[in-house]
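As written in TrEMBL, here are the features:
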TRANSMEM  21-43  transmembrane segment
TRANSMEM  144-164  transmembrane segment
TRANSMEM  205-226  transmembrane segment
TRANSMEM  233-256  transmembrane segment
TRANSMEM  262-279  transmembrane segment
TRANSMEM  322-344  transmembrane segment
TRANSMEM  351-373  transmembrane segment
TRANSMEM  379-399  transmembrane segment
TRANSMEM  411-434  transmembrane segment
TRANSMEM  440-459  transmembrane segment
REGION    519-549  region 'Disordered'
COMPBIAS  534-546  compositional bias 'Basic and acidic residues'
Amino acid sequence: ESFDLDDLLPIIGEFGKYQKLLVFGICLPACIPCGFCAFNQLFMADTPEEYWCKIPELLNITTKEQRKFLAIPNELESSDNGAFSKCQRYAVNWTEILEDTDINYIEPNDSWPLEACKNGWEYNTSEIWSSIVIDFDLVCERDIYPTIGLAALNVGGPIGVYLFGLLNDRAGRRTSYFSCLTTLLAGSLMTSLSTDFWTWAGSRVIVGLTIPAVYQIPFIISLELVGENYRSFVTVMTCTFYTSGIMLLACVTYLERDWVKLSYYTSVPFYAYFLYLFVMPESPRWLLMRGRLEEALKVLQTMARTVYLGLSYYGPSLGSNQYLSFFLSAVVEIPSYLVCWFLMDCWGRRWPLSLSMILGGLACVITVMVPDAAVDETLYLYLLSKALLSASFLIIYPFAGELYPTQVRGIGIGVSSYVGGLGLIVIPFVTYLGKENLKLPLVIMGFVSVLGGFTSLRLPETLHHRLPQTIDEGEEFGKDWSFNECCSCKAEPQVPSQTASYENLDVLEDNATSDVELEMKASSSISRRSRPKSVIDERTPLDNRRPQRLSKKRLVRQMSVMDTQKTEDGIMQLTHWI
């Protein structure tokens with residue numbers, strides 16, 4: 001017989017010592033690689049503020065400032081401060097000029113013809129020591145290439161969440177996670193060894209296959225390990241660890257500004273995660289759904305004994321210090337998670353999701369009213385919108401996890417991320433528009449967020465509801481939804497279904513429960529007397545419950561007891577008393 005884990009968790013512990021060790025020691029740290037490998041690319045592809053055409057004939061006889069003064073035209077009309085041209089040089093023969101005139105007496109002539117850079121570029125490396133832009137000369141007519149690289153990362157995401165979602169539901173959460181981690185680290189190693197842009201972009205597609213799957217899988221495991229009263233807490237902690245990884249990344253990128261070393265530092269430490277192979281269990285819900293009861297019972301007995309993306313890409317573009325801006329864009333997520341945790345338990349999922357998306361979107365749109373020179377004010381509005389939309393990021397994952405049944409939860413969340421990933425492919429090009437208009441990407445993303453906020457009101461509320469186990473239960477959930485529910489901000493407690501296979505206890509002024517318990521104890525004692533001697537009793541969590549006072553509740557549908565035995569050969573035998 002199959003049984004529902006939600007019936008057993010209140011007995012063995014909804015968030016006991018075992019679950020805490022797994023969640024805080026394994027599942028939550030397993031979310032950190034996603035933030036590292038998703039956003040380290042922003043700094044690998046960083047473009048220096050100053051660069052100019054390389055003049056090979058002048059490299060060994062002049063300083064950088066002399067070379068710019070002699071060979072690079074000054075763009076007085078196109079620049080506010082008269083900066084030197086980044087993409088043009090004087091079209092003169094410097095070998096002949098140096099033969100005829102001493103270098104100290106040469107003066108640039110505005111009448112000299114101009115030409116595009118043909119020998120590469122020189123860069124100011126005082127802030128950015130090395131990046132793919134510097135190594136592969138991705139500037140001027142090739143300045144779209146870093147954006148293509150970011151799109152390449154996001155192309156892999158929709159494919160990966162679908163493939164790892166399938167693996168998640170068919171081979172299990174544990175197998176899927178380590179397959180995903182292996183793919184991530186392989187792609188990161190290829191990234192650091194790349195010698196040209198297209199090899200680098202191909203390696204980023206491989207990394208992208210695992211984003212956000214490498215975050216979703218430990219999140220699903222965490223969600224399925226705990227009882228319904230702790231799902232919001234686990235969700236907040238999952239997002240907090242993810243955000244902590246991004247904050248740590250900001251510190252790493254500030255200290256190390258060489259893109260090859262940065263690739264190593266943000267991937268090699270995660271090889272240690274393979275040690276989790278020895279301690280990470282399979283999700284008991286998945287084992288039960290697949291009918292692997294013996295493995296599920298081992299996990300349950302052990303438990304009983306030990307009783308947000310477009311805006312993140314845009315963060316470094318705002319403010320006067322890109323590292324500080326990126327760090328602040330991560331810091332503001334923490335308080336939003338804490339507030340959202342309270343709202344999720346009071347108002348449910350639907351309304352907090354809708355309000356956070358609408359208000360966050362409006363904060364983005366309002367930036368169009370801020371003067372162009374008010375860079376700090378634009379940054380403040382961005383941080384406000386980032387905090388609000390981070391709250392929606394926190395809500396959407398448990399919301400999806402509670403809407404999809406266990407049988408297809410992995411592939412369901414994967415398909416949802418696949419659809420979202422299609423939008424992520426476009427986001428880098430939206431961000432690219434910010435080169436000409438700093439606020440345009442914020443306005444575009446703001447309108448999309450507001451639209452999504454109103455659309456989310458159509459979703460059914462999941463607070464106080466059990467996780468659906470089968471596809472049939474998932475299809476029945478939310479069928480009685482009406483438009484009137486959009487006006488309700490308070491999640492109503494679940495009303496047990498008369499057709500569900502759960503216990504339904506009504507408070508009555510009798511002690512009918514005691515009679516049922518006596519009958520079951522009698523049946524259990526008869527069963528024990530009739531067992532063969534080869535069977536060794538193994539007490540279950542139900543047997544180990546401390547005596548409780550007789551409850552004034554009447555059993556309406558059924559009462560279930562799991563009785564587990566082990567033979568001398570070590571074979572587990574399960575008796576399901578109804």
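Note: Cβ is positioned from N, Cα and C throughout, glycine not excepted.
Taking pairs at least six residues apart, the transmembrane segment (21-43) and the transmembrane segment (440-459) share fewer than three Cβ pairs below 8 Å and do not count as touching.
At the 8 Å Cβ cutoff, the transmembrane segment (233-256) and the transmembrane segment (322-344) share at least 3 close pairs (sequence separation 6 or more) and count as touching. Ranked by number of Cβ pairs under 8 Å to the transmembrane segment (205-226), the listed stretches 144-164, 262-279, 322-344, 379-399 are led by 144-164. Below 8 angstroms of C-beta separation, residues 216, 219, 223, 231-232, 235-236, 238-239, 243, 308, 311-312, 314-315, 318-319, 325, 328-329, 332-333, 335-337, 339-340, 344, 349-350, 352-353, 356-357, 359-361, 363-364, 366-367, 370, 413, 442, 446, 449, 453, 459, 462 of the same chain, each at least six residues beyond the ends of the transmembrane segment (379-399), sit close to that stretch.
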